[in-house]
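Below is one structure; the comments refer to it alone.
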Amino acid sequence: MDQNKLKRHHIMRSLILAGITALLAYLILSETLSHYLAPRLHMFSYVTLVILALLTIVSIRQIFVGSSVYDCDCEEQHKVPRTPMGSLLVYSLFILPIVMGFVMPDKILGSDVAEKRGITLLSNDVRKLADVTANANMNANATENAKQTAEVKEDAEPSVEPQSETTNQVATPPVQATDDEQLRQRFSNGGFGDFYTDIAVFLHKQPVIELNDKVFLDGLTTMELYAKEFAGKELETMGFVYRQPDFTKQQFVVARFSVTCCTADSSVYGVLVEKDDANKWAKDSWVKVRGKLELRQVDGYDMLVLKASQVEAVSAPKDPYVYYSFEAATDS
């Protein structure tokens, strides 16, 4: 092939590599990479940026040195397109995404995507786990009680202390359980492990539960597990407004998208909000909501609804998505 023609191909490839490198650098420097990737994957993007920069330098060097120095005896498997139409088709596949990345504005996921994917107000898997765990605990308690009864009959010494303790636990209203040990005892009886027990205690101790970005998903899961315990608590959170066709004018969901790896696997979670003037808040507008949680029965499950006392418009956060943290509640 003519060396001048081959050189033009090397120039085009260098420009494409430089464009991809510049686009990735732009996403990182503008702090919009989170619109596409979860933060835990950002390190891979930084490594990729370094590799792309090195490849770009090597490709630019090849323009001046020429490809004959790098012949690898690959039986022309690396040959360039021979026709102008072939070159246009091949290079357009790379140029078009680069141009779109720079020209098209960043758009965060909203109600249109949520409507297609569905929104999670109640975690059915969590509820099934709750039922299974509760049944297992009941069976274990029944077995333990039977053993204790047999021992009492043999020793002829009735033990009333465990019964008294149980009676006191039942008689104590949830709002009076302010001590850490009492709260931990109450929540640990659910059998969902120390992680959710820690979060439940941490949230319940707050006069107003602040469901911020870091604890949003873990907090929702915890309140679903212990719905009765959190009924009547004050809650404040932020998200975008989402409505379904069957909602009343007094209802909307304050929702957030959760991203595991990238926006392609995103899911929607939120809290159902009720307020008399709820219809004045536009779809996809960002709001901060504060109110009291009320317990409702929906399809046989307990569901927490936020009776809002205050709704105010806010700007969308720089990172609009939320993630499972799996960290200790005290660090939230």
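Don't overthink the numbers, they just go from 1 along the chain as shown.
Note: Cβ is positioned from N, Cα and C throughout, glycine not excepted.
TrEMBL labels come from automatic prediction, so no person has curated them.
What TrEMBL lists as compositional bias 'Polar residues' is 161-171. Among the features that TrEMBL reports, domain 'DUF1980' is placed at 12-119, 203-324. According to TrEMBL, the region 'Disordered' annotation covers 140-176. TrEMBL lists 12-29, 41-64, 85-104 with the feature transmembrane segment.
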Tertiary contacts of the transmembrane segment (85-104) (same chain, 6+ residues out, Cβ under 8 Å): 9, 12, 16, 19-20, 23, 26-27
The domain 'DUF1980' (12-119): DSSP-derived helix, strand, coil residue counts: 79 helix, 2 strand, 27 coil
